[in-house]
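What TrEMBL says about this one:
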TRANSMEM  6-32  transmembrane segment
TRANSMEM  53-76  transmembrane segment
TRANSMEM  82-101  transmembrane segment
DOMAIN    85-208  domain 'Phosphatidic acid phosphatase type 2/haloperoxidase'
TRANSMEM  162-179  transmembrane segment
TRANSMEM  185-204  transmembrane segment
């Protein structure tokens, strides 16, 4: 992905949702009906409840592959990549998304705010609030699980765009699901992508610093 474009888009979205926070209310309002609430929630809730299992399967599969790669000499070369993917999962969806932000930012979910029948105040993205104690709206945990699927692209240069597309589609669909349920705002989904992508990129820079330096120094 074009890195300058990524940085500019991150800043652009940040400014957009700060200057026009009503975009979040508009997007959530598409799935809300007075008297019915977020009307798609009953249909989507079973999928939402399956996402933790999906994340466990992903992490469990990576751990199992790492154990096998550590025991089978022919697969030793795969260990570093598997450790990298586990670290991305731990840092991005795990620490940053579900602990640092969701448990500390205090942003109420759409279903909780006064605009959609709740009793909490709506607050813009990137503005710390006290409308929620923990497991709050900012950012979207389910979407981050889908966005994690872009991480293998940092290990497979020739397939990077394909993995980025997989991650964007998976994260986007899971984010749309949570938006339709009233569980998250549009900005929660968008910034979940950036947290996961930047986690994957920074860990790759750190984990493969020697290889990157050699590539940059090559004529």
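We count from 1, first residue shown onward.
Using the three backbone atoms N, Cα and C, a Cβ is placed for every residue, glycine included.
On the 0 to 100 pLDDT scale, the domain 'Phosphatidic acid phosphatase type 2/haloperoxidase' (85-208) averages 97 in the predicted structure.
The DSSP breakdown of the domain 'Phosphatidic acid phosphatase type 2/haloperoxidase' (85-208), given as helix, strand and coil counts, is 84 helix, 2 strand, 38 coil.
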